[in-house]
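J.: My questions all concern the structure below.
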């Protein structure tokens, strides 16, 4: 045994083995880094700044994973030497032991389906840390094997989340790209300056499909209709045309040929970099889910319904926002001159904040990725028949729910989010192209700085020179600089 232990140490390992392993690891790392670098150059060349920033976000997540892995490796000795009473390990177990007494053997754990499913083992009983704690009549806080498996799970979770997010955005983006035909048709058929026709509001296609009358019963019917509408043709051409016109008449009435579809795609690309990352509160959820993975609770089966219910609630709410826009017009008018124009407002959204929808979609995608990543991690590590995997009647519904969430979010919820959240009170800074954004923001900051310096230099004066001599500057600031900053802060 001593000879085997010495052979496992680096000082007794042949140099050609060390060099070969290091070469392979470095080569794979460099290939991955070069691929990401090439992809970044490609995105910058095509002027895809939002997608490039999303790629940088992915790099940040990979760096965070590397740092977590480094911490686990550096502190694994300390974790091994941290001893706890054996009785503490008898509670909140993912699998029930056949023998919960202190000093239970490996055969007991293998019979419970915990061990024996993977070929690689770092040390059979936790190495020196286990011996150190055993002398005290205690057990290590975490075995080397558990630390190794935790390494793998965190990596699989992050990679799965990125893959699921990219897949959702690609499928959803392809769905939204089909609306470009509607945009081109509207641009082509734009009316001239002739006399405007009178529109019967109740017979307008948008109103007929979305307005369900006035009263308590109609509100219930409207919610039920909104729930069902998200499953089939969640956005029709009349919806797109009416909401596009409402956005243009509210935020840029001087430009009736504004390319609403292009603006919407730029906003979606900007939101992608937020979705692809793993925020701190998502890591908190991971810790909570791992804590609640107790034998007999079937926690992962029940939490699989959380993203499904949230996704259905979001889809229903977004569809109901469209219904509310139609209701506001139909309630006030019976006939109007020209086309039906809806009035965007934050009041239609939860807590008057359209931004909440993005956070919920972010959580849904991450939670769904967590479910799938956990399944494949358990499958590859312990096998399908292990106790930690759970019973088949709990596994199959989880996988089915995961597939439903991915498809529904990609083909219905994400397109709905892309267009309906533009019906808020503010527009996004993506309404300007990149050069205009940078120019206006830079100019606004210079004006503010100049105004602040003048104010500091003339404290004794009742009014500063910027206030008395620059009304045009203030007006331009309100129209451009402050608007852009305010919109940027409300995203």
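Backbone N, Cα and C define each Cβ position, glycine as well.
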J.: According to TrEMBL, which of these ranges is transmembrane segment: 42-60, 61-79?
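T.: Range annotated as transmembrane segment by TrEMBL: 61-79.
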J.: Select from 333-354, 399-420, 421-442 the stretch of residues annotated by TrEMBL as transmembrane segment.
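T.: Residues 399-420 are the ones TrEMBL records as transmembrane segment.
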J.: Please identify the range among 255-274, 275-294 that TrEMBL labels transmembrane segment.
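T.: So the range that TrEMBL calls transmembrane segment is 275-294.
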J.: If you check TrEMBL, which stretch out of 212-235, 356-379 is marked transmembrane segment?
T.: 356-379
J.: Looking at the ranges 129-147, 186-204, 300-318, which is given as transmembrane segment in TrEMBL?
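T.: Checking TrEMBL against the ranges 129-147, 186-204, 300-318, the transmembrane segment one is 300-318.
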J.: If we skip the immediate neighbours and take only residues 6+ beyond the ends of the transmembrane segment (150-171), which ones have a Cβ under 8 Å from one of its Cβ atoms?
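T.: Those are 58, 61-62, 65, 68-69, 72, 142, 268, 272, 275-276, 278, 286, 365-366, 368-370, 372-374, 376-377, 381, 406, 409-411, 414, in sequence order.
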J.: Cβ under 8 Å to the transmembrane segment (275-294), counting only same-chain residues 6 or more beyond its ends: which ones?
T.: 54, 57-58, 60-61, 64, 92-94, 157-158, 161-162, 165-166, 168-169, 300, 303, 358, 361-363, 365-367, 370, 388
J.: May I ask whether the transmembrane segment (61-79) has at least three C-beta pairs under 8 Å with the transmembrane segment (300-318), counting pairs 6 or more apart in sequence?
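T.: The transmembrane segment (61-79) and the transmembrane segment (300-318): touching, no.
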J.: Who are the chain neighbours of the transmembrane segment (16-40) in space, where the CB to CB distance is under 8 Å and they lie at least 6 residues beyond its ends?
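T.: Those are 10, 52, 55-56, 58-59, in sequence order.
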